[in-house]
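Asker: First, the structure itself, so that you have it in front of you.
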Amino acid sequence: MAENKDVSQVLNTTPDQVVINRAPPTGLAPLRHSQLSDSGAESCYEGDEQARLIRSSSSRAHKFIIIPATPGTPPGSGAVAGPLPFRQTSSTTSLAAMAAALHKQSPLRHTSVRTRPSSEVLQPGQVLANQPTAAVSTSTVTFTIDDCNEEGDAIPAAASVPAPVTMPAISPTPATLTCTTTTTMAGDSVAVSPLSMELKSRLGSHHSSMRSVVSGYLPGLSDSSGNLVGGVSMATSGLQAPNPLYMQPQASLSGSSYHFHELAGNQIYSDVTSVRSLASIGIGSTDGRKLVIRRVPTTANELFDMVNPQTPPPLGVDDDDSYLDMSDETAQLKPRQQHWANKMQFVLACIGYSVGLGNVWRFPYMCYKSGGGVFLVPYCIILFICSIPLLFMELSVGQYTGRGPIGALGQLCPLFKGAGLASVVVSFLMSTYYSVIIGYSIYYFFTSFKTEMPWIDCNNRWNTPDCWVPQRKGINASAPDTSRTPSEEFFENKVLQISGGLEYPGMMRWELFACLICAWLMVYFATWKSIKSSAKVRYFTATFPFVLIIILMVRAVTLDGAAEGLRFFFRPKWSELKNANVWINAASQNFNSLGITFGSMISFASYNKYNNNILRDTVAVSAVNMITSLLVGIFAFSTLGNLALEQNTNVRDVIGDGPGMIFVVYPQAMAKMPYAQLWAVMFFFMLLCLGLNSQFAIVEVVVTSIQDGFPRWIKRHLGYHEIVVLFVCVISCLFGMPNIIQGGIYYFQLMDHYAASVTIMFLAFCQMIAIAWFYGTGRLSKNVKQMTGKAPSFYLRSCWLVLGPCLLFAIWVLSLINYHEPTYHNGRYTYPDWAYGIGWMFASFSLICIPGYAVINFLRSSGDTFWERIRNTLRPNIYECKICGEHHCEHDYPEQEQFMLAQEMATVYKPTNPHLLNLGQKCGYNAMQASPSHAEAGGPCGQ
């Protein structure tokens, strides 16, 4: 058996050290572990008939709580001073040890004490904690009790209690408390507390809402300094307890303050917060006492984090859906429990989202519309002034708050919480039609396996007399004015079976419907386990497309006519810089390409470790996205140059808009290559991977925002993360159905223009204003320095504060001045007026969120005047530690919860010693640690 350890020594030693209790009182010999069986109630000590061993009813693990009694004294009739035998599967500790270590918050926070399975016996005044992972389900709180007379008044007992090793001498008369009755638990009669406390659980999806009555009793032993002394055995109903609990008195009072004279007033206030917030239980009573019960992390990973904390100590049950355990909006202050397994997963997620289908068809088309190479000039300017700083801002906000876009913006600036909701709405609208492109890719992918691809010639049943096969080089023949290529007719007549316009919706395309269902099935099964499942899929879907892009680019630059296409791509026309549309297109492509202001980057960063290097990730994602856009541009314009040579026309005349760029132009070019089937299969598989990467991110930001914003509704109606993902996928699929009818391509083009392009710059402007101006560039810089150890550069801060907002506002105003209604097929089809009304309705879905949520938060805010309400809605909801001023620190969660509970106690229960509670409200937790004599003398505040 190991030697005895001092409490303070144990709290500062390694977890492998063991606390061994002193020998039990005379006549009580402790049992060995081998003597403690798993059946019924039996004697805990040799010769002690009244000691009980109670086994819980847990179905997952056996929970043992030892109820000792004084030899020869029936339960409830005498003070208990005997030791508490310790079982490894129990959570046992001492109030005295916690009282002794109250002034050492850091050891309590960062040190774990555990015992090995042996015959140790717990004496009052010593610490025992344990390591096992066991489920606890029986509602039991048992303490030693004093005599009670018929009126319920406590009779002081004269039993002597041996002093613990490290505590001062214990007063000979134990503190007293009224006693009531005996209850039955697990078939054994147990003397329990006179105090009934109602335990309200607001846990999460793993723990159903419950109201369990727990009988508790304060030990009633104090030393000469007023510190609480006594053994405690505890189990809590409904809590999954993978780690032990320790009990920490928040205010140490003398024994006299334990007396109660009114039985009706003997109620204990209890508040259980989420398991994610240290599974803490704040308990206070009518005389100002309060206890906080917390879990002590003891797993290998948690111990390593406590010794070498790279991130804040893990807070709660490690589970895939732990963020569903939030009970209210205050739970959003806690960091997200789930994290990326490694940094590569996060980087691949960001790259996979930013490098999507927009790089393949939108970038070449925008470059073509903006005069070729001159487009790269405003594109790079906006990239370095707006896009990169905004990406860094989004990653910082997501990583710091640990929330999705709605929760993050709501914490930093509640008035602009609607900007986060608007981003989620835009992402949801995109998910409804973005999946259609994935469906097209699936259709083309399987069609490419045919021996002869159907878009090569005009000998198919869907071809029309206008079908014209481009002539080989050397033949001077131009296409007729009404001609259509085989790939164009295959896409419109076979795949889409396109109608005459939006006013002619037509029938459902069942082949596309099947492809759409396949696309959503892949999205669902890749995201149903949140980032743990999608991150594994991205190892392939986010890397393999780059291999294919390089292969296709190398093949394209070797085609005849590629030089002419590259000349169009890289040769700028400087006069086009005066055209406002060039800047508008460059800004739109920047935001669509990098994926900023859609909420996905904030959502991804919320799963980061707290000290992740954000700047490095920002540079990596931006650089890869820029390089990929250039590679795709080289591939696209080399292909267009070859097509222009084949058709004996200009590069400007062969490019298509919208999805036609990738499903008309590219297939036609690859049909002329050797091994056409191979190149087609590779190309459409690349499109499939790129589309899935983007769709994963879009679905994840919607799911994350729903779970962060409506945890109670989700817990009540859906329950599991898989059900939430299924719900989002089904709803998005249903809203995407109009895109796969015969007139769906017109609807697709309308949605793409109004849902994303029109609103995206306004959302980016509002986001920069909310974070950089109202939350403050200084605050954000401080947050970044707290996370990474280095503050943002002057360049980033100036872009956040001045350059970025000004440039965004100017481009947004220019876009309104130079606004043009969308068309289809390069102006061949013009939408009816009512279609534009539908488009603006889609745009308003996101835009109205910003003023709407601002009004709601204003009406909900406190304040007597208009400006007081405005100030309150602009005030961040992020808690800053009163000790160090930081959000994530070793003082944060205990400080916050204890201080808030002290304030709640002041409003609900009138304390016996108001001066003590007032000191607690002024000074925070430290004043609450002191005894009344200490507090009245000035306490930690020196007042």
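Glycine too: its Cβ is placed from the backbone N, Cα and C atoms.
Keep in mind that what you see is a predicted model, and the values were worked out from it rather than measured.
Under the heading topological domain 'Cytoplasmic', Swiss-Prot lists 1-345, 857-943. If you look up Swiss-Prot, you'll see 103-122 marked as region 'Disordered'. The feature transmembrane segment is assigned by Swiss-Prot to 346-366, 373-393, 418-438, 511-531, 539-559, 591-607, 618-638, 679-699, 723-743, 754-774, 799-819, 836-856, with sequence analysis given as support. The feature topological domain 'Extracellular' is assigned by Swiss-Prot to 439-510, with sequence analysis given as support. The N-linked glycosylation site annotation in Swiss-Prot covers Asn476 and rests on experimental evidence.
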Asker: Any residues 6+ beyond the ends of the transmembrane segment (511-531) with a Cβ under 8 Å from its own?
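Answerer: Those are 320-321, 338, 340, 345, 349, 435-436, 438-440, 442-443, 495-496, 537, 607, 691-692, 695-696, 699-700, 703, 721-722, 725-726, 729, 732-733, 736-737, 740, in sequence order.
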Asker: Which stretch, 418-438, 539-559, 591-607, 679-699, 754-774, tops the Cβ pairs under 8 Å count with the transmembrane segment (618-638)?
Answerer: 539-559
Asker: What are the DSSP helix, strand and coil residue counts for the topological domain 'Extracellular' (439-510)?
Answerer: 21 helix, 3 strand, 48 coil
Asker: So, do the transmembrane segment (539-559) and the transmembrane segment (346-366) meet, by the test of 3 or more Cβ pairs under 8 Å (sequence gap 6 or more)?
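Answerer: Taking Cβ pairs at least 6 residues apart, the transmembrane segment (346-366) and the transmembrane segment (539-559) are in contact, with 3 or more under 8 Å.
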Asker: Counting only CB pairs under 8 A, let me know which of 418-438, 723-743, 799-819 has the most with the transmembrane segment (679-699).
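Answerer: Comparing 418-438, 723-743, 799-819 against the transmembrane segment (679-699), the winner is 418-438.
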Asker: Under 8 Å between C-beta atoms and at least six residues away from its ends: which parts of the chain pack against the transmembrane segment (591-607)?
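Answerer: Contacts with the transmembrane segment (591-607): 336, 338-340, 346, 349-350, 353-356, 358-359, 362-363, 387, 390-391, 394-399, 401-405, 408, 420, 423-424, 426-427, 430, 531, 614, 621-622, 625, 629, 694, 697-698, 700-701, 704-705, 756-757, 760-761, 763-764, 767.
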Asker: So what's the mean pLDDT when you look at the topological domain 'Cytoplasmic' (857-943)?
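Answerer: Per the prediction, mean pLDDT sits at 53 for the topological domain 'Cytoplasmic' (857-943).
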Asker: Can you tell me which parts of the same chain pack against the transmembrane segment (723-743), counting only residues 6+ beyond its ends and a CB-CB cutoff under 8 A?
Answerer: 428, 431-433, 435-436, 439, 496-509, 512-513, 516-517, 520, 523-524, 527-528, 530, 699, 702-703, 706-707, 714, 751
Asker: Need a quick answer: max count of Cβ pairs under 8 Å to the transmembrane segment (754-774), which of 346-366, 373-393, 418-438, 799-819 is it?
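Answerer: So the stretch in question is 799-819.
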Asker: Honestly, do the transmembrane segment (373-393) and the transmembrane segment (799-819) touch, with at least three Cβ pairs under 8 Å and pairs 6 or more apart in sequence?
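Answerer: Counting Cβ pairs under 8 Å, at least 3, so yes.
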Asker: Going along the chain, which residues at least six beyond the ends of the transmembrane segment (799-819) come within the CB cut-off of under 8 Å?
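Answerer: Sequence-remote neighbours of the transmembrane segment (799-819) are 382, 385-386, 389-390, 393, 580-581, 583-584, 587, 758, 761-762, 764-765, 768-769, 771-773, 777, 780.
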